[in-house]
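> Straight from Swiss-Prot, here's the annotation block:
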SIGNAL    1-49  signal peptide
LIPID     Cys50  N-palmitoyl cysteine
DOMAIN    150-259  domain 'AB hydrolase-1'
ACT_SITE  His154  active site
ACT_SITE  Ser225  active site, nucleophile
ACT_SITE  Asp367  active site, charge relay system
ACT_SITE  His395  active site, charge relay system
Amino acid sequence: MSFPRKFGTAIHAALSFIVFFFLDLLDAILCVVYEFVDEILEENSTGCYCTAAAPQSQTTDENELSSETLFGRRNIFRGMWFLGFAREFKSKLSRKLRKSKIHQESVNRWSDCGCKSCKSWTKNEDGNLHVVVKDSTSREYSVQEPSENVIFIHGFMGSSHFWTETVFEHIQKDDYRLLAIDLLGFGESPKPRDSLYTLKDHVDTIERSVIKPYQLDSFHVVAHSMGCLIALALAAKHSNIVKSVTLVAPPYFPSSVEGSVLNRIARKRLWPPLAFGTAVMSWYEHIGRCVCFIICKHHKIWEWLIKLCIGKREIHWKIKDITRHTHHSAWHSMHNVICGGSKVADEHLETLIKSGVKIHLMQGDCDQIVPSHCSGNMKRTFPAVEVDIITGADHDSMISGRGEEFAEKLESIWCSC
């Protein structure tokens, strides 16, 4: 490595240390602030993970467990004396203020959006996921069941739009029933405050909302990013009826310690900007909640401003999807699915391969979110997995920018099963 490159790397490391040192302090202060406001505004406030200890597991099912990264994020300021003094003062003040406060329990936290659109899921009494179905079976044969069912699972901070707006229109064959879901906590699906959004929670809701009501006796699964880990868990549980699993840009870190997964996905660094944003939202619970409060709670204002700037009545579905979650659902899905789910991915892959399920992986060579070596690691560990590297594609554009080509590839995979 040349001297200028070494010097630049050293400067970047130093600046990253300074910035994240400041963010550690800010998050520790915000911890006390949010704790104070929550106790005043909420009847049953939910505690954070800053001082919580990891609970003793009562189950051997790894899919059901909370990730260790929720409890093990180091912050040197959490035990400082001035924060202890602040908490003591906060407790006395909040007790006085709570006496004169009449609480009304809400499905949302005060820092979440309570607009009609964001609370529409509360009208769904059965608690099932939002499912978009495209049944392309010809009308004259509508009495027959489609020969192929396909479940589409989106990634982090996405929704069923990721598939319906890009791929569905290009799949024209008459024997496919396409089912795109909004995962628990995202899009138009329920966002319960008492859920920990573990792999088991996601799999159970898909079973209850798709597999059972649509009586699927066989199906294919197509998933993107975080959805790949959920797809593997779902397919492994139903390995006797699943035909194929297509993984697009899966965050695969074989047999890793969960903290190591967090460091790989969201290493603390300033550059590139996308990596910095990922690190902030993954490491700092309270700063992340501030971001969600500013952007998600006030998404109507931001959408109005964007419409004003671009001069259009409607804004792109990707922009809308970014705000259609709560901090609670995004935070827990990030840690319990991406970090916690990584350590059971090998187990799920082994189950599928032993059952003879066809597994196909696709990833863009310009992906800056999921490292390109993830696909190589999976291929080395499981040679039976078919891998396609898409030249010039990044994390999303391999689908959103190549819908027709991607649909043709999917149909070829399904036909080969």
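For all residues, glycine too, the Cβ spot is worked out from N, Cα and C.
For each listed feature, how buried is it and what is near it?
Cβ contacts within 10 Å of Cys50 (N-palmitoyl cysteine), excluding its own Cβ and spanning all protein chains shown: 20.
In this structure, His154 (active site) belongs to neither helix nor strand by DSSP; it is coil. Take the CB of His154 (active site) and look out to 10 A: across all protein chains shown you find 26 other CB atoms.
Long-range Cβ contacts of Ser225 (active site, nucleophile) within its own chain (separation 6+, distance under 8 Å): His154, Gly155, Phe156, Gly158, Val248, Ala249, Pro250, Pro251, Ile369, Val370, His395.
DSSP assigns Asp367 (active site, charge relay system) to coil, not to a helix or a strand. Here the Cβ of Asp367 (active site, charge relay system) has 21 other Cβ atoms within 10 Å, regardless of which shown protein chain they belong to.
The DSSP secondary structure for His395 (active site, charge relay system) is coil. For His395 (active site, charge relay system), the Cβ neighbour count at a 10 Å cut-off comes to 20, with all displayed protein chains included.
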> Sort Cys50 (N-palmitoyl cysteine) into helix, strand or coil using the DSSP assignment.
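Once the DSSP labels are grouped into three classes, Cys50 (N-palmitoyl cysteine) ends up as coil.
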> Looking only at C-alpha atoms, tell me how far Cys50 (N-palmitoyl cysteine) is from Asp367 (active site, charge relay system), rounded to the nearest Å.
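Cys50 (N-palmitoyl cysteine) to Asp367 (active site, charge relay system), Cα-Cα distance: 32 Å.
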> Looking only at the domain 'AB hydrolase-1' (150-259), report the model's average pLDDT.
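Averaged over the domain 'AB hydrolase-1' (150-259), per-residue pLDDT gives 93.
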